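Only one structure is covered here, and it is reproduced in the block below.
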Amino acid sequence: MTRLAVFASGTGSNYDAIIEASQNGSLEAEVALLVCDKPQAKVVEKAKQNGTPAFVFDPKQYRNKAMFEAKIVEVLQEEKIDYIILAGYMRLIGETLLRPFEGRIINIHPSLLPAFPGLDAIGQAFDAGVKVAGVTVHYVDEGMDTGTIISQEAVKIEEDMTREDLQRAVQTVEHSLYPETIQKLISRGE
Ligand code: GAR
């Protein structure tokens, strides 16, 4: 069974969706590890309840990114992780982690990249007044939301939508697109 490490820093609704898909069999993979850089994050509590092993760390306890990423690599190798699934992990991945997992790190971003990279992509789209927002799943490289695109889905912004409505609509799409995309990669052996 393919072993996934989900990296998250926040609420963990995508973590939930991936867990659900792995339990109902639509995703032939196991969430073998949660990696979280925010000890107080809601997703940490969820992992505890689900029995997902977790590596939770405080970056301030390390001298620099290379130091905490080296520790993460150690844990990933111990857990024999096949893919790293970024799900709201709000940090750029550095060379220390990228090199050993090149081509096996995937991210979800709440916009139709290359539009609106970076923080608060949904707010950026809303403020720009575009009529179509969306979701992108892509491979991770050293840039900010710049790796090769794997899948995308559009979300229409209706006239009367609030920012919160858009957030909900985008996240609903994320929760099906992410597990489906991961399953496609696994079944193609990519
Ligand atoms: C998701 O909407 C994800 O697309 C976004 O963070 C949210 C995490 O939500 N990621 C980025 O913006 C990455 N640049 P969640 O904790 O409920 O899964």
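Each Cβ is built from the backbone N, Cα and C atoms, and glycine gets one as well.
Curation plays no part in TrEMBL annotations; they are all automatic predictions.
Annotation comment: TrEMBL describes 3-182 as domain 'Formyl transferase N-terminal'. Annotated N(1)-(5-phospho-beta-D-ribosyl)glycinamide binding site per TrEMBL: GLY12, SER13, ASN14, in sequence order. Residues annotated as (6R)-10-formyltetrahydrofolate binding site in TrEMBL: ARG63, MET90, ARG91, LEU92, ILE93, ASN107. Annotated active site, proton donor per TrEMBL: HIS109, in sequence order. TrEMBL lists ASP145 with the feature site 'Raises pKa of active site His'.
What TrEMBL annotates, mapped onto the structure for a quick look.
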residue	record	Cβ within 10 Å
GLY12	N(1)-(5-phospho-beta-D-ribosyl)glycinamide binding site	23
SER13	N(1)-(5-phospho-beta-D-ribosyl)glycinamide binding site	17
ASN14	N(1)-(5-phospho-beta-D-ribosyl)glycinamide binding site	23
ARG63	(6R)-10-formyltetrahydrofolate binding site	7
MET90	(6R)-10-formyltetrahydrofolate binding site	13
ARG91	(6R)-10-formyltetrahydrofolate binding site	14
LEU92	(6R)-10-formyltetrahydrofolate binding site	13
ILE93	(6R)-10-formyltetrahydrofolate binding site	22
ASN107	(6R)-10-formyltetrahydrofolate binding site	23
ASP145	site 'Raises pKa of active site His'	18
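Sequence-distant neighbours of HIS109 (active site, proton donor) (same chain, six or more apart, CB under 8 Å from its CB) are PRO117, ALA121, VAL135, THR136, VAL137, HIS138, ASP145, listed in sequence order. A Cβ distance below 6 Å to any atom of ligand 1 is met by none of the binding-site residues ARG63, ARG91, LEU92, ILE93. Following the DSSP three-state reduction, the secondary structure of SER13 (N(1)-(5-phospho-beta-D-ribosyl)glycinamide binding site) is helix.
If you take the CA of MET90 ((6R)-10-formyltetrahydrofolate binding site) and look 10 A around it, you hit none of the binding-site residues from GLY12, SER13, ASN14. Ranked by Cα separation from ASN14 (N(1)-(5-phospho-beta-D-ribosyl)glycinamide binding site), the binding-site residues ARG63, ARG91, LEU92, ILE93, ASN107 are led by ASN107. Note on the domain 'Formyl transferase N-terminal' (3-182): mean pLDDT across this stretch is 97. Distance noted between the C-alpha atoms of ARG63 ((6R)-10-formyltetrahydrofolate binding site) and SER13 (N(1)-(5-phospho-beta-D-ribosyl)glycinamide binding site) is 31 Å. Other residues of the same chain near the N(1)-(5-phospho-beta-D-ribosyl)glycinamide site, with their Cβ within 8 Å of the Cβ centroid of GLY12, SER13, ASN14, are ALA8, GLY10, THR11, TYR15, ASP16, ALA17, VAL43, ALA87, GLY88, HIS175. Closest by Cα distance to GLY12 (N(1)-(5-phospho-beta-D-ribosyl)glycinamide binding site), from the binding-site residues LEU92, ILE93, ASN107, is ASN107. Considering only the residues assigned to (6R)-10-formyltetrahydrofolate binding, ARG63, MET90, ARG91, LEU92, ILE93, ASN107, the longest pairwise Cα distance works out to 26 Å.
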